[in-house]
Amino acid sequence: MGITIVGSLNYDLVTYTDRVPDSGETFRANHFETHAGGKGLNQTIATARMKDPKANYKVKMVGNVGKDSFGEQLLDILRKNNVDVANVGILPNVMTGIATILVEQKDGSGQNRIIITQGANGKSTYESGKLENIFPTDSSDRKQMVIFQQEIPNPTSIIHWLNKNRPTYEIVFNPSPFEPISAEDWHLVDVLIVNEVEAVQILETIYNNEEIKNYKSAIEKDFVEGYEKICSVLQKTLVSQSKSAIVVTTLGSKGALFCSKDHPTVGFVPSCKVDSIVDTTGAGDTFLGSLVTQLYQGQDLEKAMKFSTVASSLSIQKRGAAESMPTFEDVQSSF
């Protein structure tokens, strides 16, 4: 089957501005655009575009859109990127999910602020019978990977079902936007990909106050070394040890950390320097899609991290999320 992404599909309404207005203030923006979005769709597009054209497997999306023009456009974009959309539902009487995004341009950072209206994504819940159809029994021994985020209701219920009914599947979890889950749920995750904020949020929900205080102090003392400690402890104590047991922590413009059962010493990959940052909206999803694709295609973790860092650096030099994502060939030619 290949790689399946279970998640959200949003239609992005993006305003580019020099600054965000204060409460009660009206401010003239610079530019307005619409784009395909939603963490699920973005990660799906990245996963599809990062696929080696010679590789023989499917990229599949699971989610919902409304029966409207926004939903039609999102489905069309997925199809054009060779994504299997058989399990993307088209729901009547509910709007496609919307993301309102403000991108700041004046300081050259391209930083964004996002407000999400859930719409059809709020209906993305699945009973056992439906999951049997989405994830049919596969007699082959090929690796299967399933990617989750937290822009749909209760994704951990699907993770539990997969753990019980498809135990060979490898679970990739990007807990964004962050919502606390139990230690039992974390132990079902094979590949955990978080940013610096989410890494600390996990600590705050799992570990005691004294441990949290010590980790935060370590970050204040040395940013990268502090997060190395967090990456290591999450790998050793939080995620499942039955398969790859990978933890990746992205650190924005500084780079990213990684470790795994086979690579227990935390490694660091610095970010790539670029001439101009246009829009960071799709950077994290580009990185994730690239990393998972590289791992699925048999690349070792360190090389996959380096490849994905280049992919992310290419994405921030264009506007939009899904539209800004490079292809496998783009990244190859940039090495």
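Even glycines carry a Cβ here, placed using N, Cα and C.
A quick note: this is a predicted structure, and the numbers were derived from the prediction, not measured.
Feature annotation from TrEMBL assigns domain 'Carbohydrate kinase PfkB' to 3-327.
The Cβ of GLU151 (substrate binding site) has 25 neighbouring Cβ atoms from other residues within 10 Å, across all protein chains displayed. In the three-state DSSP scheme, GLU151 (substrate binding site) falls into the coil class. Residues annotated as substrate binding site in TrEMBL: ASN10, TYR11, ASP12, GLY38, LYS39, GLY40, LEU41, ASN42, GLU151, ASP285.
According to TrEMBL, the feature ATP binding site maps to ASN195, THR250, LEU251, GLY252, SER253, LYS254, GLY255, GLY284, ASP285. In the three-state DSSP reading, LEU251 (ATP binding site) counts as coil.
The K(+) binding site annotation in TrEMBL covers ASP279, THR281, SER315, LYS318, GLY320, SER324. Cβ neighbour count for LYS318 (K(+) binding site) (all protein chains, 10 Å cutoff from its Cβ): 14. Under DSSP, LYS318 (K(+) binding site) is assigned to coil, being neither helix nor strand in the three-state scheme.
According to DSSP, ASP285 (ATP binding site) is assigned to a helical segment. Residues or ranges marked as active site, proton acceptor by TrEMBL: ASP285.
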Protein Cβ atoms within 10 Å of ASN195 (ATP binding site), excluding its own: 21
Field: Maximum Cα-Cα separation (Å), residues ASN195, THR250, LEU251, GLY252, SER253, LYS254, GLY255, GLY284, ASP285 listed as binding ATP
entry: 17
- line: When pLDDT is averaged across the domain 'Carbohydrate kinase PfkB' (3-327), the result is 93
Task: By Cβ count within 10 Å, point out the most packed of the binding-site residues listed: ASP12, GLY255, ASP285.
output: ASP285
Message: Between the Cα atoms of GLY255 (ATP binding site) and LYS39 (substrate binding site), what distance do you get, rounded to the nearest Å?
response: 21
